[in-house]
Amino acid sequence: MKAPSWRRAVLKVGSALIAPDETGVSTKYLLPIARFINECRERGQEVVIVSSGSVAAGRKHIHFEHKKVPVAVRKAMSAVGQNEMMGYWSRFFDSPCAQLLMTHSDLRDRARYVSIKNTLNRLLEHNILPVVNENDALATDEMKVGDNDNLSAMVATLVDADALFICSDIDGLYDSDPNLNPDAKKIPVVEQIDESIYSLAGGSVSDVGTGGMRTKVEAAEKATSHGIDTYIVNGRKGETFESLLQGDIPGTLFRRQSDPISNKKHWLRHTLVAQGEILVDEGAEKALIENGASLLSSGIVDVQGDFDRGDAVLVRSANDTDAIAKGICQYSAHELMHIKGQQTEDIAEKFGYSPITEVIHRDDLMILEDA
Ligand SMILES: Nc1ncnc2c1ncn2[C@@H]1O[C@H](COP(=O)(O)OP(=O)(O)O)[C@@H](O)[C@H]1O
Ligand SMILES: N[C@@H](CCC(=O)OP(=O)(O)O)C(=O)O
């Protein structure tokens, strides 16, 4: 079976490759990766790197006795290590590399999201190789993505990539962790990601790696739902990249969904964090799910949480605990408490102004699965 062709790819390099000894970065596994990138670029394909390794690089300079490194020390390691990690990449390419450090809070803000997208596109136009990492030194828990597997899927969506290569220290997804079970069997192709796939994926055994296989499957789910073929391959083996160049599939391919959801809805579903909940009556629930309607104030029963205009919220039936939709709300929680259950015309009369008809516009609304 041949791999689908691609035009633009994101290639994620985990700590397991750039920092195989977990302290300090190393060129040991980077040369075949850099050769692969150079060859792809010569063929007219574009590549964005998402690289881990800043924490491992920083460990060389900030010694810490205990295995469990406190958050502040990890951030300091990352700050001193980013530069070093970038230096390693730069030495492999004749054209320049550009560093982009971001957090989840940058990606969930629509304006910043578009700004990052434009910057990445300009860099690619100028044949500059972007190297993305999380801005670990600044990110608080609420701000961060937390792992570069998920970050790479978000970046792949952002740049409209058609392939995502997650390069790690393992040959792909197995039916259990091969580091723990020598009889584990590799799964060459995953057509659909569901709970049975998640149940196979374990964590990381490394001190600097984050997430293990679970975050890779999460990344694959995000990317494939956006129409991006996702590969987990072993970046420790040079032949992996030879195979990829020949169009073979050396690891596990998670095949893209044939009906990808739009950019905006993808961003809404996977990137935006809901700030509150809107409880709706049966009529509104039916209108949203069956008729593809916008949410109007008349169907709202209650409001929970404290959100502002433009924030993401979950919509759920007043009779159920499961959310049915997620959307961007045009009103604040405070405003909704006043207009809930009212017809749009009555609001105009009561409050003396012409309200926005849709509390959540259909275009800003994503029905969740199983609703
Ligand atoms: N089902 C599985 N198949 C393959 N690897 C698995 C599985 N479950 C857990 N793993 C672990 O995931 C590790 C790779 O993740 P991680 O250490 O975070 O690497 P990276 O630094 O490349 O992100 C593997 O070395 C393996 O121990
Ligand atoms: N941002 C961190 C890496 C976080 C991460 O996800 O690591 P990994 O699981 O090795 O890809 C760093 O630069 O060290």
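The backbone N, Cα and C atoms fix where each Cβ goes, and this holds for glycine too.
Here is what TrEMBL says about this protein:
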BINDING   K12, S168, D169, T210, G211, G212, M213, R214, T215, K216  ATP binding site
BINDING   S52, D136, N148  substrate binding site
DOMAIN    276-361  domain 'PUA'
Confidence summary for the domain 'PUA' (276-361), mean pLDDT rounded: 90
Alpha-carbon distance [S52 (substrate binding site); K12 (ATP binding site)] in Å: 8
Cα within 10 Å of N148 (substrate binding site) - qualifying binding-site residues among D169, M213, T215: T215
Of D136, D169 (the binding-site residues), the residue whose Cβ has the fewest other Cβ atoms within 10 Å: D169
Those binding-site residues in K12, D136, N148, M213, T215 whose CB falls under 6 A of ligand 1, listed in sequence order: M213
Three-state secondary structure, S52 (substrate binding site) (per DSSP): coil
Those binding-site residues in K12, S52, D136, M213, T215 whose CB falls under 6 A of ligand 2, listed in sequence order: S52, D136
Cα-Cα distance, maximum over K12, S168, D169, T210, G211, G212, M213, R214, T215, K216, record's ATP binders, Å: 15
Other residues, Cβ within 8 Å of S52, D136, N148 Cβ centroid (substrate site): S15, S51, G53, S54, V55, S78, N133, E134, D147, L151, T210
Secondary structure at K12 (ATP binding site), reduced by DSSP to three states: strand
Three-state secondary structure, G211 (ATP binding site) (per DSSP): coil
Pairwise CA distance, D169 (ATP binding site) versus D136 (substrate binding site), rounded so that it is a whole Å: 23
